[in-house]
Amino acid sequence: MVGAKTEGQQATVAPAIELRGISKAFGPVQANKDISISVQPGTIHGIIGENGAGKSTLMSILYGFYKADEGQIFIHGKETQIPDSQAAIRAGIGMVFQHFKLVENFSVLENVILGVEDGAMLRPSLAKARKSLKALADEYELHVDPEALIENLGVGSQQRVEILKALYREADILILDEPTGVLTPAEADHLFRILNGLRDQGKTIILITHKLREIMEITNTVSVMRRGEMTATVKTKDTNPEELAELMVGRKVLLRVDKVPAQPGEKVLDIKDLHMVDDHGVERLKGINLNVRAGEILGIAGVSGNGQSELMEVLGGYASATGEIRVNGDPIDLTGKYSDGRSRRERGIAHVPEDRQEHGLIMNFPAWQNVAFGYHHSEEYQKNALLMDNKKMVEIAQDKMDRFDVRPPLPGLAAKNFSGGNQQKIVVAREIERNPDLLLVGQPTRGVDIGAIEFIHKQIIGLRDQGKAVLLVSVELEEILSLSDRIAVMFDGHIMGEHLPDQTDERELGLLMAGVTGEGDR
Amino acid sequence: MDKMPKWADIALIPFLNLLIAFVLSGLVIFAIGENPFKALMTMIDGAFGSTYGWGYTLYYTTNFIFTGLAVSIAFKAAMFNIGGEGQAMIGGLGVGIACLFIPAVLMPHWTIALVFAMIAGAIFGAGWALIPAYLQAKRGSHVVITTIMFNFIATALMGYLLIGPLKLKSAQESASASFPDVTNLPTLHEVLAPLGISFSKSAPANVSLFIALAMCVVVYLLMNRSRLGYEIRAFGESPTASVYAGISPTKIIIIAMMLSGAISGLMAINATMGQHERLILNAVEGAGFIGIAVALMGRNHPFGVLLAALLFGFLYQGGSELSLWSKIPRELIVVIQGLVILFTGALDNMVRMPVERMFIAAAKRKDA
């Protein structure tokens, strides 16, 4: 299936992985329904689907985290039981998770041998690993300093360590879960070169992603999942992004955002020489100067970890800083009593936080209590001086959930039981409906399905069209380019430059994101 | 359905936990050559067979309601307050000081004395929780460690006061003078007599029981209906999200711990003011620790706490009757109580998970 050269042997070569009729249910939710898939050795197989489509569940079954209710797994033609991850490793399966599983203050070598040490003494294992790491590095372009501490490595290098870990355990089937989420375009390209090298050496790779571009660029075959089912498996060269998007969502999708030109007004947000030092004494913001006007969306692009999160935290009122921030002309408190989230809300700043599960929602609270969250001091939620008006809170939540099409529209359901997109809709409904002067939006569509992305983008643009200021932080360049009226790029706590979306492209922004300047930016 | 029905969670699981604990206890009793069924009957009869038994059971229950509620409030803020014992002791000190030193003219009636005593007990209990709370909020010293240490400090402090400044000079034992008569709380005998119900004269249960019941309602309203309760629960579920929402962690830690300490301290109106009527060493009798089990078993819900407190009241009273009327040693009672705590608290998931699976499987079969 790979190409002409293997066409003849196809019948004799057993697939590297074959799944037959895999089903898995969590209570009433059928996460995987009768999934069959066959991956030829020496190919890159993409699995694409919306959040909650069941990709991660399927891979977790393959890696022994979950046990399938039904179905069989064949590895190289042999039926294999995978009760735990040890069995998966023995079967030659390696997994690179979206969130790396590395010990931060261990060296690369120590991380690589963790769990597969040869004996009680570390020295021989380390020596052996050092040798084999060097061989792997030469073979696959996987260069990492074996003695470096993980915490001192960039994300790209950390990911290479994860791949090395799998290869050191002699994996010949490699599963990568959303591997480019944290990478710059250049780092992603590097990763793809490595993956291509691995494929040429006969490794089999399964790439889980929601980015159509990556699928088109690197895979041989692609399987599309929707609502727990495998809806199609096609050769990549026979398909196109529009068709895949339609297969994923089950209807035609607008990949571009429609909007009228911005009509910027007065400066709503004005940041001057903002500095911020985190708990570890590291300076995260190194003199930020920015402004956002009424009726415009300022997008901040950048690889995650370059100060965008910290900027949002300072603006949202949960990190202190030095410098000056004015909202509607008046300075806001950056360190004192009035620098908390409640004071910010009172100044007309609403905030859709980057991490909705960590910050935006209380996962165990029902939706109605989450809809009041952060605004629970407001008049409408109080019954009298002592008690809150629970009934009114439920009514308000029901109304917002209906209008923002939150599914299922049940205010009593705990936040954790909604899908990522619907959780985000709850947060967006709560923040936008407060009619803020300034909306802070961090990663609005992270882990959100395509259908909900459209809806959330429309809401953000709607707010802009009402003459409100929007500050958008996203690591998805595509999102920045399609939503923003102006784009600023952040790198290492600095603003690297500002561009207009129609006068720039992914390549130029990508260079700025990597800290490269001097291409005629003003 | 992704989980089991609510009734199974709040009724079936605790019941099964208890059943296992009792079966095991029965086996232990059988192993030492006694009849477990007779033992159970002795316990039930001892705790509920007479108004005398009821009087003691309800007295212990009252103690456990206070300490159980106290632990549950701290739990809701994701803090494990092990210091209920010390807070109740110091609360007792507050109650004692109020009863001994507030001049008689200010306390013409026991109701007024009770108000003074409650205020003093709550303030002292809250104050004793304040220091660990402050250290947790500002210095990051873990509240479990500091509250345990504060239990020892409380014991030592009470020991010092009761052989020193507060000791009744004429007496042999380490205890204060008796409280003035006006501060003596009506027992259930006195409360129920006008209603034509005769209740044992010598049982210690007193009006504090009604304060405890009212506390259940107050705590329920506080936690589920008030803004402060909302903030405490939000902080307990997710400190990071709370900071995003503008809820101050320092404030919540300190307030929740002080509330917890205050309610622990209120226990003293039952033990110190209602029963002993003077300050003695160890008036708390381990109720602070039982409160942890009560809160766990009661799922940190005020009405769950009430039921669990009644159960432990039964175990306490039934247990002491058992050691009185059978050859079963006193130590074995502690074993039975330990087994109940073990199965209702620590090993809860052992029963919960199979039952949950059973319900899900049953629901699936119905769907199919």
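Cβ coordinates are placed from backbone N, Cα and C, and glycine is handled just like the others.
Please treat TrEMBL annotations as automatic predictions, because they have not gone through curation.
Taken from TrEMBL as is:
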TRANSMEM  B:12-33  transmembrane segment
TRANSMEM  B:53-75  transmembrane segment
TRANSMEM  B:87-106  transmembrane segment
TRANSMEM  B:112-131  transmembrane segment
TRANSMEM  B:143-163  transmembrane segment
TRANSMEM  B:203-223  transmembrane segment
TRANSMEM  B:252-273  transmembrane segment
TRANSMEM  B:279-296  transmembrane segment
TRANSMEM  B:303-320  transmembrane segment
TRANSMEM  B:332-351  transmembrane segment
Near the transmembrane segment (B:203-223) in space but 6 or more residues beyond its ends, with Cβ under 8 Å, are 51-59, 61-62, 65-66, 69, 72-73, 76, 114, 118, 185-189, 191, 229, 232-233, 259, 263, 266, 269-270, 273-275, 301-303, 305-306
For the transmembrane segment (B:112-131), sequence-distant contacts whose Cβ falls under 8 Å of one of its Cβ atoms, 6 or more beyond its ends | 81, 83, 86-88, 90-95, 97-99, 102, 106, 146-147, 150, 154, 182-183, 185, 207, 211, 254, 257-269, 273
When counting C-beta pairs under 8 angstroms to the transmembrane segment (B:12-33), the leading stretch of B:53-75, B:87-106, B:143-163, B:303-320, B:332-351 is B:332-351
Could you give the residue numbers and ranges of same-chain residues that sit at least 6 residues beyond the transmembrane segment (B:143-163) on either side and whose C-beta is under 8 angstroms from one of its C-beta atoms?
-> 74, 79-83, 85-87, 89-90, 92-93, 128-129, 131-133, 135-136, 174-176, 253, 257, 279-281, 288
Long-range environment of the transmembrane segment (B:279-296) - Cβ separation under 8 angstroms, sequence gap at least 6 | 60, 63-72, 75, 82-89, 92-93, 96, 100, 151, 158-159, 161-162, 166, 173-176, 264, 267-268, 271-272, 305, 308-309, 312, 316, 340-341, 344-345, 348
Stretch with greatest number of CB pairs under 8 Å, the transmembrane segment (B:87-106) reference, B:53-75, B:252-273, B:303-320 candidates | B:252-273
